[in-house]
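The domain 'Ig-like' annotation in TrEMBL covers 1-58, 76-156, 166-250, 256-343, 347-436. Here TrEMBL flags 449-547, 552-649 as domain 'Fibronectin type-III'.
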Amino acid sequence: EIIYSWVFNEFPSFVAEDSRRFISQETGNLYISKVQTSDVGSYICLVKNTVTNARVLSPPTPLTLRNDGVMGEYEPKIEVHFPYIVTAARGTTVKMECFALGNPVPTISWRKVNGHNPSKARLRKSQAVLEIPNVQLEDAGMYECKAENSRGRNVFRGQLQVYTYPHWVEKLNDSQLDSGDQLRWECKATGKPRPTYRWLKNGVPLWPQSRIEMVNGVLMIHSVNLSDAGMYQCLAENKYGTIYASAELKILASAPTFPLNQMRKAIIITKGQEVVIECKPQASPKPTITWKKGDKVLKENKRITILPHGSLRILNASKSDEGRYLCQGVNVFGSAEIIATVSVKEPTRIELTPKKIELTVGESIVLSCKALHDSTLDVTFYWTLNGQPIDFEKEGGHFESIKAQASSADLMIRNILLMHAGRYGCRVQTAADTVSDETELLVRGPPGPPGVVIVEEITDTTATLSWSPGADNHSPISLYNLQARSPFSLGWQTVKTVPDVISGDMESAMAVDLNPWVEYEFRVVATNKIGTGDPSAPSRVIRTNEAVPKTPPANVSGRSGRRHELVIAWEPVSEEFQNGEGFGYIVAFRPNGTRGWKEKMVTSSDASKFIYRDESVPPLTPFEVKVGVYNNKGDGPFSPIVVICSAEG
């Protein structure tokens, strides 16, 4: 591609394009619609190659101004326009030029006749160029360029035609046909203009003949033979390009042969069964199939039919169907045959006992499976639980298979567990048939764990709890047991409840006699006639409400001290019985025989002694002493009064 530009007077002063001046990239010409004094000078055409950047300059052309008159106003005259027919490949960018001379300087406008300008279209060079990028089929049509000034107007119309290269919609696939079959190949392509089709065989043009038809991309060959084998090509072409699709045609021609798995077969079935004896020889062309039983050609009837692919089907078999069957396949290249022997036996019957069993966890049972079968056949027994084979190795000694005699087998289940409940199946297999029977085993056991425990309401000494019942394992739940755990208990302990006995139909109860201000977890255990089950999951940890303390310190006594001191000691109250925050002690004492108590507060909950010092107290003076408790909720009880003495002298 080359680009045209014009140098004014000297390089590198270029002519600037505007509504008055235009350089056509089609012709290379410079057009000035209305000359001005400033245009006088020397003009040089510069041509540049966009790939190599090589430049070529023309000799200078002078533009002079004549002094013998003035050009008057006149209507636009379209000097540059696009061709009457513009062709473009789909996906390319189309540029259409239109420029007019005139006085005053004309304005250029564009429109698509019978439609709208494409939304992606751009106007360049003061509207003298209409540019349509990525042009599509819908952009094709008649375009009009209009030049207009105060003296009049002029228009030019041209057709934009968008073409596309041929493109495959449907290609060919290799074909493998029997001699005498019909070939039909179709290739489809799109393109604008619409493509036409040609066919080649082994690179040479193919023409219609007596057996060969070619219509609109469809090739048909009737009754193919070996001479038709080869490589075929379909060509789709329009004036802008050609595309190729190719495929191979193979013609099969062979005498019948049978795969090894169909050769000499012994088929054993039972009375009343359906049997299909396969006869599918590989041959080309397709062979003719005939069946014989013994030496006689087999006649079809309601029970005995030859299927479309050649196999023989016998319905509701009986003893009369026993014998030697021969299938023969024949075509022009040869023949082959297979032999099958059919034996018809008595059907196997089975009895599994006992039929429905109810057991308790830990018990044992023997299931017995007896088979009544044709004496000429061997039998094999298989045991299943809920449809899955029992793995005697993995089951930890709970299952044992006992083969009592040739026609029966027993299944021993020892120390039965809940997980062993289900449908037990016995399957008996012979060379002729397979039969099975099932029995239901129900296992009663202690209840499953109840559902999660929810704390509905909490006070200082009670908690109202609810739960959902677990599985009763086929024995109704008789009662529930409520258990609690706190940081002060040894594991889980049964708690007192209201009601005292929680019957199996209840789903809520109240735990009572709890300690205030202690964190508890609760769980529920269910019991039935068989035993007690696993406990529920624990409830969330919850603290009981605060209350006035009820437990005074124990073992209030005296301790040795210094002269004039009264030392009072006690065992601190455990956190379990402090009943709330702000726990402390009130120490009360008075000399023996006096009335008023002197009281002192000890704010530490861990304190275990208090020292009272008084210089006026003689040695070994007896005092009555008691120690009380308190917390944020109020004062609690005092310990019993004890008499202790002040220190020795």
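Positions of Cβ are set from backbone N, Cα and C atoms, glycine also.
Counted with DSSP, the domain 'Ig-like' (1-58) comes out as 3 helix, 26 strand, 29 coil.
Here the domain 'Ig-like' (166-250) is broken down by DSSP into helix, strand and coil counts: 3 helix, 53 strand, 29 coil. Residue counts for the domain 'Fibronectin type-III' (552-649) under DSSP, helix first, then strand, then coil, are 3 helix, 50 strand, 45 coil.
Averaged over the domain 'Ig-like' (76-156), the predicted model has a pLDDT of 92.
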